[in-house]
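Have a look at the structure below before the remarks.
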Amino acid sequence: FEERSAQSLLVPQDAICTLNTLQTNASCLEQVRRGRSHPQLQLQAMKAFLERTGLTVEALDHLNIIHVTGTKGKGSTCAFTEQILRSHGFRTGFYSSPHLVQVRERIRINGQPIGKELFTKYFWQVYGRLEKSKDAHGGTMPAYFRFLTILAFHVFLQEEVDLAVIEVGIGGAYDCTNIIRRPWVCGISSLGIDHTQILGDTIEKIAWQKGGIFKPGVPAFTVKQPEDAMVVLRDRARETGCPLRVCPELDDYQKHCGPLRLGLAGQHQHSNASLAIQLSHTWLQRRCRPALSDTEWPGRNQTLKHGALTYFLDGAHTMRSMQACVDWFISSTVLMCFSGPVARVLLFNATGERDSAAMLKLLVPCHFDFAVFCPNITEAAASCNADQQNFNVSVENMLTRCLDNQRSWQLHSSKGPGLLIEDSPSLGPEKKADTVVFPCILSALQWIAQGRNSVLAQSTEVILPVKSSIVAKAALLRNAAEIHVLITGSLHLVGGVLKHFDQTSSK
């Protein structure tokens, strides 16, 4: 290899001619014969070849692989899958076999065969490492398909694809692509009788081989199979600890999204397309799950913990969003563990022409101990944050709206109890929820917290005096082990609350 001229390393045809020697040389033919009689040795040998090129099976985990096998349709399934994910903006790798015209067709980036220059560059990188190390390994070089599989993995890692769609060569269990440890999802297209000398002469034996790509905990999908094959696949999935699902008919999707036009003709492509949809959907779910779980959007189903107080903030201000807010609040608090009596407080305001009374009625099932109302004024001081000021409505009108909301709540809540969380220790006899109106957000928050929120306690804003009767009402809050506060009805209200909790945003 070292004697090869630098010029020949740039000629694609030289690379392809060298590649073709791996189909005919004696050591490679011996690998094929040995593989048929001792198939379990194939993966062991494949791993050794991979490591000689400087790669490891652990490195393949970073390719976010979709692994597909089958007798008929696996290539079409892979093509559909790659197209779907590429159309979502992902950089795709696609390894398939055989090729029609040029060997470069087997290794694709973003749907296109890799260019001649890239193929030549990466071919000599991989071949050179194997050539240099062969004397230390009995003169062995990988056979044609093994080499191309290693080359594909190398290309995809170097080109930093977002995912790789990998089509199995033959079978599954002992196919050299099956050194993949952690694919993101696996698929099985239609099964039939083929390659019987390698895979077996019955559909059950072939199904066993195909099910060999299943991995523990990795979701797998299959198109509908003959019952005998399906039994074997289910057994393989159960033994492996792999969740296996059967794809729906393509017509089932069309009931929801209208007619689907496939780029590949033929009725048999319908099951391949359905399998591709399931594989793509599952891959996207896994890809997006971390992003979804890391997404933050303040004031929308947001939970903040400050000492004994847990604040649930949601700027719901329509009937539909308020019902969603109620469902979220109830489901969230049901899952929480309590160290003692828990008090529930509603902090509410609504603006504009919105139907406050109707929204408040939706909140009654939350069983609040207090309903607190205040305008969207952050604090009573003259230095009130300009970002939250609204000159379109007078303070008098805002306070009048709060008093109207108080009356609406009293009307609705009088029809049922409103004390504490169900099944939590009680702090006193049942009675309907108390209501309080405050002139600004800060005074409402301070009264609810009763000195138990260190952030509010550090506030330098002017604290308005509170009537003794209002102070007396707060005994329930002072005695509660925990206080759950739902703040809703207006994004401006939620924003005013966050202004007091997040000191950095107010600087």
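Glycine too: its Cβ is placed from the backbone N, Cα and C atoms.
Among the features that TrEMBL reports, Mg(2+) binding site is placed at Ser97, Glu167, His195. The ATP binding site annotation in TrEMBL covers Arg300, Asp314.
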For the Mg(2+) site built from Ser97, Glu167, His195, further residues of that chain with CB within 8 A of the site's CB center: Lys74, Gly75, Ser96, Pro98, Val168, Gly169, Ile170, Asp175
Euclidean distance between Cα atoms of Glu167 (Mg(2+) binding site) and Arg300 (ATP binding site), Å: 43
Listed in sequence order, residues with CB under 8 A of Ser97 (Mg(2+) binding site) and six or more positions away: Arg106, Phe145, Leu148, Glu167, Gly169
Nearest-integer angstrom distance between the alpha carbons (Cα) of His195 (Mg(2+) binding site) and Asp314 (ATP binding site): 61
Asp314 (ATP binding site), number of other Cβ atoms within 10 Å: 23
Among His195, Arg300 [binding-site residues], residue with fewest other Cβ within 10 Å: His195
